[in-house]
Amino acid sequence: MNKKLLSEFGDPVQRVKNALQSLKRGNGILVLDDENRENEGDMIFAAENMTVNQMALAIRFGSGIVCICLTKEKCKILNLPMMVKKNNSKYKTAFTVSIESAYGITTGVSAYDRIITIKTAIKDNAKPDDLNRPGHVFPLQAHPGGILSRAGHTEAAVDLTKLAGLKPAGVICEVMNDDGSMARMPEIINFSKKYNMPVLIIKDIIEYYNFIN
């Protein structure tokens, strides 16, 4: 990672604090993972306060695959089985079956419809019957041990929203360049300046846990 590029956002602890404040205010953040892993940057929003305009931004500048990151307990409550019985993907990304709200939407594709689906899924009293399967929102089940057990964007989204005092559920979407390639750190930082989103890396969250503990 180019630490010089990140330095304008503060040290690791400050970068996490900035991210938590942004999530509390209802704004998005940008999280990069290790360059030896996916080496990609994701937009992350807190599921409970994400807006239609923010969803439109994620769809327009992201991969189009919008995921909601949930705890294992929430996935169990919603009866969301894993997408496949044997996960042989490179990073064992824990996709469940895709979902759609059972009410209040049309085709489920629009930014508005996807927000309705997300709000439906994270309701405190949400039931399995509140969601249709398959759909256009892709749940990801976070590792129960969080970022300290699996250093992925899924765990970052759940851990950061929890640390921010919000429901432990985040919406993520990978950022892409105009030519269809994946955005790396230089492009992510340019994107952050344009849309006023703080930047941090996965390792910052691990350092933050060490700091507060």
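Glycine is treated like the rest: Cβ placed from N, Cα and C.
Listed in Swiss-Prot for this protein:
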- R37, E38, D42, R150, A151, G152, H153, T154, E174: D-ribulose 5-phosphate binding site (BINDING)
- E38: Mg(2+) 1 binding site (BINDING)
- E38, H153: Mg(2+) 2 binding site (BINDING)
- H136: site 'Essential for catalytic activity' (SITE)
- E174: site 'Essential for catalytic activity' (SITE)
Across every protein chain in view, the count of C-beta atoms other than its own within 10 A of the C-beta of E174 (D-ribulose 5-phosphate binding site) is 20
Cα-Cα, D42 (D-ribulose 5-phosphate binding site) versus H136 (site 'Essential for catalytic activity'), nearest Å, comes out at 18
Simplified to three states, DSSP reports H153 (D-ribulose 5-phosphate binding site) as helix
Expressed in Å to no decimal places, the gap between the Cα atoms of A151 (D-ribulose 5-phosphate binding site) and H136 (site 'Essential for catalytic activity') is 26
If you count the other CB atoms within 10 A of the CB of A151 (D-ribulose 5-phosphate binding site), including all protein chains displayed, you should get 19
All chains considered, the count of other Cβ atoms within 10 Å of the Cβ of H136 (site 'Essential for catalytic activity') is 18
